[in-house]
Amino acid sequence: MLKIKDIRKNFGDLKALDDVSFDVDDGHILGLIGQNGAGKSTTFHSILNFLHYQGTITWNNQPITEDVFNQIGYLPEERSLMPKLTIEQQLIYLARLKGKTAKEIRPQIDIWLQKFAVKGTKKDKIKDLSKGNQQKVQLICTLIHHPKLIILDEPFSGLDPVNSDLLKKAIFEAKEQGAAIIFSSHDMENVEELCDSLVMLRNGQVVLKGTVRKVRQEFGRTRIFVTTDWTKEQLEQLPHVIKVEPQEEKRFVLRLDDETAGKEIFDELTHGQYIEEFNQQPPTLNEIFRLKAGAKNE
Amino acid sequence: MNKLWIVTLETFWRQVKSWSFLTLILGPFIMFAITIGAGYLGYQSGGTSSEIAVISNQPQLRQNFIKENKDDVMKKVTDVKTAKKKMNDNSLAGYLLLNIDNQKVTAKYVGTSSLNSSLKTKVNSYLAKTQQQLNLANAQLSPAQIQSLAQQPSFKETVQKKTGTANTAKTISFWITIIMVYMILNTYTSITAQEIASEKGTKIMEIIFSSTTAVKYFLGKVFGVLLVILLQILIYLFGGWGAYIFAQNSDLTKDIVAQNQSLITSVLKNLLSINLVYLLLGVVIFTILAAFSGALVAKVEDAAKAAQPVIMLNLLAFFVTFPFQNNLDSIVVKILSYVPFFSSYFMPLRIINNDAGSMEIVISLVVLMASCVLLAWYIGKIYQGLMLQTDDSSFWKRFTRGLSYSK
């Protein structure tokens, strides 16, 4: 289990992390979300001991030192490999730095290249691969030594939907094998699909924490999808409606400041008559993200 | 395997398998081969075309000249017609017509180019001697008068061969040492700084530092480069030994080697000594500084610039040696022989000049080694922060932000 407790890190006057705490259990996936500069990468750098911080970070109750490095698979935000090496040389070199031998890794290379549908052979040089294939090789570098703690910084950025699916499959496989996985993403659909829980950072502070379901429920069912003959202006006059977003013909999304107003709005709209659609839901993660990120500027 | 050694061996093999290393190693041998080859070709072609023919109506006059200058004369040519034919074939440099007309010795040279100065001197000397003999015979002098006229002035030159050779050896050793140290330091400084800067530019360091500590990685890089230089020195030692054996046995060079045996031995003694340790430690300290310099670069495109500060320092140390070429006893030389970065140049020069005692050498080595350790320790400590700091800001901002990673 990865345990992060009260970590703080300042860069000069800037509070990069301010009392950040969360846990990631074995076999669980945690999504770390937040705007650019919220402190996601700094959190990863702290876990990996790249920088000095205050607070405690432990993996299976021991501090993260070089002894733990072999159990970690890390994919940095900025993709990088050694361009002059072949795929095989690159994978073996990095796996050896993770405590594996060339003999252990060599037979696995083709399997992983196939799993990620990398175009080319293991004898191809990294510099000769397309950007997408280089990214896949880097993902293989992160996973080939079967880490117990996987840290992925924006793993989906730059991947097309097909390759995103390949990565999701690999992440789920690692989860099934008991790895604790933490990843950052701006794509809330991926977070919703993959994560057991999430942490949202804003200005280095935790502003949301919990399972995806719990987080959404905390925001209440403040969204109503309706299909009606009413106009936008008429809908805006309804009680507790703070915003009306037209969608396709006759379809609108109403945003409420109080979820309990749903029944009253339903009565107003229907007056006991048939209505094509009335669906009250909690906000999506994307909306929550926007809402929480927007609060920064308030 | 220990991660330090994984990095060391990876750095070593990557360098050794590169074209630049092959060029670096083969360069001196190719130069040696070209020099020998050019000398041989020159020797071969020059052997025929520098010979002249001597033609004369007086056989004794011709024979005497040939007897004294047999290496310069093609004996078989005895007439002008044959000589001209050979000149047209480029197998004869020219012909010399020798005669005595009215008790006067005359000589006329016809050639494809001017008579070379050495042979011209010999011809003049022969003509003067022959003319004098003729004059004495014509003057019919008494033996006493002849003896009186035969008196020659006296000029004596005494060269203390051992001291002369030693001085020449010192001068040669001086230049070989400083040029060798400069070239090797320059090469490895550039290689290291560019490699580190490239790695930083490709952002691979986050992956590396999630696998091993920055100190181990940094030391692995330095040790890797050190292994490369050790290999290079070993290749040069064996290659140099092979070239020496070749030079001793080759027809082209064995006379030169034999004539200069004591000089060659002195130079080799000066080079193959504790000076090699200074060269190695020089590479170490400059490599550490080069790694630091490379770590301060922000972009991969700036990798070529990374080595500049260290190259400038090396250049400074190199040029500072020049004024002291003939003044190795100077106090400045003594001070600089203890100063890291400079001592790799100056202490070897003092050793060559027999001006450094054992204790002085030990102290200088200890200072140099301690500096290497302290510098490696400090840079290893801040290395991770510097390598992870990739903002495209000013040099100073990158440096201070890099340091803040470690606080």
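For all residues, glycine too, the Cβ spot is worked out from N, Cα and C.
Annotated domain 'ABC-2 type transporter transmembrane' per TrEMBL: B:19-377, in sequence order. The feature transmembrane segment is assigned by TrEMBL to B:21-43, B:172-193, B:214-238, B:276-297, B:309-325, B:331-349, B:361-380.
Spatially, the transmembrane segment (B:172-193) is adjacent to the transmembrane segment (B:309-325); three or more Cβ-Cβ distances between them are under 8 Å for residues at least 6 apart in sequence. Counted over residue pairs separated by six or more positions, the transmembrane segment (B:214-238) shares fewer than 3 Cβ pairs under 8 angstroms with the transmembrane segment (B:331-349), which leaves the two as not touching. Proximity of distant same-chain residues to the transmembrane segment (B:331-349), defined by a Cβ-Cβ separation under 8 Å and at least 6 residues beyond the stretch ends, is recorded for 174, 177-178, 181-182, 185, 275, 278-279, 281-282, 285-286, 289, 313, 317-318, 320-321, 324, 356, 360-361, 363-364, 367-368, 371-372.
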